[in-house]
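Worksheet: the structure to be examined is printed underneath.
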Amino acid sequence: MPTISQLVRKPRKAKQVKSKVPALESCPQKRGVCTRVYTTTPKKPNSALRKVARVRLTNGYEVSSYIGGEGHNLQEHSVVLIRGGRVRDLPGVRYHTVRGSLDTAGVKDRKKARSKYGSKRPKSA
């Protein structure tokens, strides 16, 4: 336990908080180009083929980004927008692609939570 005079001489250091999304560099989203679009399998209790894109960002970083929703139109050289947000059962995937922006199409026939998947409002009969 330091004395008050020791604390006056050398104050306590504030703990540095490490960013969970370093590639975004404090931006809400970043643009990038897909270098590889592939499927991968999740961690132990789950089983699926998760859609993932490897993206080279405008700041030079290369990251893995999850493609949410049913079906997508991404391929190599597609320009995408990524946001933060990890996928718990895919190690190393800390970003999500934003659906419905740039080259990424929105999810077709989506009725609920449309804003998260870039779907337009369906025409009411």
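Every residue, even glycine, has its Cβ placed from backbone N, Cα and C.
Listed by sequence, the residues of this chain that lie at least six past the ends of the compositional bias 'Basic residues' (9-18) yet keep a Cβ under 8 A from its Cβ atoms amount to none. Among the features that Swiss-Prot reports, compositional bias 'Basic residues' is placed at 9-18 (among others).
Tertiary neighbourhood of the compositional bias 'Basic residues' (109-125): same-chain residues 68-69, 98-101, selected by CB-CB distance under 8 Å and a gap of 6+ residues from either end. Taken from Swiss-Prot, the feature compositional bias 'Basic residues' applies to 109-125 (among others).
Classification of ASP89 (3-methylthioaspartic acid) by DSSP places it in coil, neither helical nor stranded. When Cβ atoms from all protein chains are considered, those within 10 Å of ASP89 (3-methylthioaspartic acid) total 15, not counting its own. For ASP89, the entry in Swiss-Prot reads 3-methylthioaspartic acid, with the evidence type similarity to another entry.
Across the region 'Disordered' (1-23), DSSP helix (H, G, I), strand (E, B) and coil residues number 8 helix, 0 strand, 15 coil. Positions annotated as region 'Disordered' by Swiss-Prot: 1-23 (among others).
Marked as region 'Disordered' by Swiss-Prot: 104-125 (among others).
Mapped onto DSSP helix, strand and coil, the region 'Disordered' (104-125) counts 3 helix, 0 strand, 19 coil.
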